[in-house]
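Quick look at what TrEMBL lists:
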{"type": "BINDING", "residues": "Lys69, Lys93, Ser349", "note": "substrate binding site"}
{"type": "ACT_SITE", "residues": "Lys105", "note": "active site, proton donor"}
{"type": "SITE", "residues": "Asp145", "note": "site 'Important for catalysis'"}
{"type": "BINDING", "residues": "Thr189, Asn221", "note": "NAD(+) binding site"}
Amino acid sequence: MADMDPFEQAQIQLARALKVQKISDALSARLRKPEREITVAIPVTMDDGTTRVFEGYRVQYSSLRGPYKGGIRYHPDADINEVRALAFWMTFKCAVAGIPMGGGKGGITVDPKTLSAGEIERLTRGFVQRLAPILGPYMDVPGPDVGTNAVVLGIIADEYSEIVGKPTPAVATGKPINEGGSEGRAAATGAGGMHTLMALLPHLTKKKPAQMTVAIQGFGNVGSFLARNLFSEGFKIIAVSDSKGGIHSEKGLNPDAVERYKKDNSTLKGFPGTKSITNEKLLELPCEIVVPAALENAITKHNAKKIRANIVLEMANGPTSTEADDILFKKGIAVVPDILANSGGVVVSTYEWEQNLKGEHWSEKDVLDKLRKLLNRESKNVWERSKKLKTDLRRAAFALALERLEKALGAKTAK
Ligand code: NAD
């Protein structure tokens, strides 16, 4: 998928947004480069006694609006350039959501599926030992991303706490509930995607959820929770996929049953009543909503013309190239941009951070209600901005973020 430099794409998105939203030269200059980036080598004793050295990264893009915030990705294709792009998008995502966080991201070039639980733990502890001087609840707060989960984030908080000599759960989010994690965090990104979609839907179509079909590429944390949320709103999920391929049924899929099947069989393939479909063909299915929820560059100039959905809901980060954006726009397809659509994860991560700092534990209902209200408000703000500026939702979301980043810079320089 990674046939295009994601950081270049991100900078092009910024340049396009700057045509509709004027900002100061000072902010424009600051947004061109990350404030800090670090590459580390992490030696790990493997189960067979040999030592392997893994490369890890943390990019701290902007602290204008608060501590750096962003997930850690464990993936064989993770590299500094990808992490830099993801850190850039986090800066804008946190600003669109209006949460008091800056932007960061991390990663390790590794295929976690090939490591044992013990090896992943030693790798994670080694990563934290290398990064500890630049992490902290008020400095940089990692969360989960592709290939990492609550267990990994719990280990990050535990290792950091060991290093600083006191319990510091607020250093990482997405932890297990009994280690200071927030209720609702696992479901948050998927739930957030559903709230964003529901807030924008009346503006994008006359159809009701029960009349709408959805194809989802990527049935991991984000894709599976989104599928469940959309299913319970009445949408018909006609296809889902993972890295090995997908399944398709015009009759519709029950995401809970699919999840159970995948757990039992380690594959989606063969789910009763479905046909196999490739990841490429899934995106091209005739349906109302197509959801890239896997990795970057899912929709490019090579396949954008073939997209037949009316709405693209970007749950992955950076799934659509700017060339594809233009093609989709000409075809009248609305793209709900990643920095809005998938912000539910970082919003609830911020609630987790706040609970840890205050020593509180909120109920799942309180967390998800707060998330729904925030995303309703900010989705409407993005919609109104797009009308005011006569532009697409991506440029409108960037414009809103730029305005908030400008305010933060103004407040800093006024001191
Ligand atoms: P995950 O590791 O839980 O799931 C990723 C899914 O994508 C898996 O089903 C995997 O099999 C599938 N996949 C991998 N390569 C694929 C390919 N080439 N084609 C099709 N499917 C493929 O990761 P996740 O946390 O669900 O993240 C998915 C996306 O959402 C990423 O872009 C991530 O940055 C973004 N995101 C995640 C969160 C979060 O809270 N986890 C928040 C915001 C955005």
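Even glycines carry a Cβ here, placed using N, Cα and C.
Locations of recorded TrEMBL features on the structure.
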{"residue": "Lys69", "record": "substrate binding site", "CB count, 10 Å": "29"}
{"residue": "Lys93", "record": "substrate binding site", "CB count, 10 Å": "28"}
{"residue": "Lys105", "record": "active site, proton donor", "CB count, 10 Å": "32"}
{"residue": "Asp145", "record": "site 'Important for catalysis'", "CB count, 10 Å": "25"}
{"residue": "Thr189", "record": "NAD(+) binding site", "CB count, 10 Å": "25"}
{"residue": "Asn221", "record": "NAD(+) binding site", "CB count, 10 Å": "22"}
{"residue": "Ser349", "record": "substrate binding site", "CB count, 10 Å": "30"}
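Listed in sequence order, the recorded positions among Lys105, Asp145, Ser349 whose CB lies under 6 angstroms from an atom of ligand 1 come out as Asp145. Asn221 (NAD(+) binding site) has its Cα within 10 Å of the Cα of none of the recorded positions Lys69, Lys93, Lys105, Ser349. Checking the recorded positions (Lys69, Lys93, Asp145, Thr189, Ser349) against Lys105 (active site, proton donor) with a 10 Å Cα-Cα cut-off leaves Lys69, Asp145. A distance of 10 Å separates the Cα atom of Thr189 (NAD(+) binding site) from that of Ser349 (substrate binding site).
Each residue contributes its Cα atom, and for Lys69 (substrate binding site) and Asp145 (site 'Important for catalysis') these two points are 12 Å apart.
Close to the recorded substrate site, the chain also has Gly70, Gly71, Met90, Cys94, Ala97, Ile99, Met101, Gly103, Gly143, Ser343, Gly345, Val346, Val347, Thr350: residues not among Lys69, Lys93, Ser349 whose Cβ is within 8 Å of the site's Cβ mean position.
Among the residues Lys69, Lys93, Ser349 said to bind substrate, no two Cα atoms are farther apart than 13 Å. Cα-Cα distance from Lys93 (substrate binding site) to Asp145 (site 'Important for catalysis'): 15 Å (rounded to the nearest whole number).
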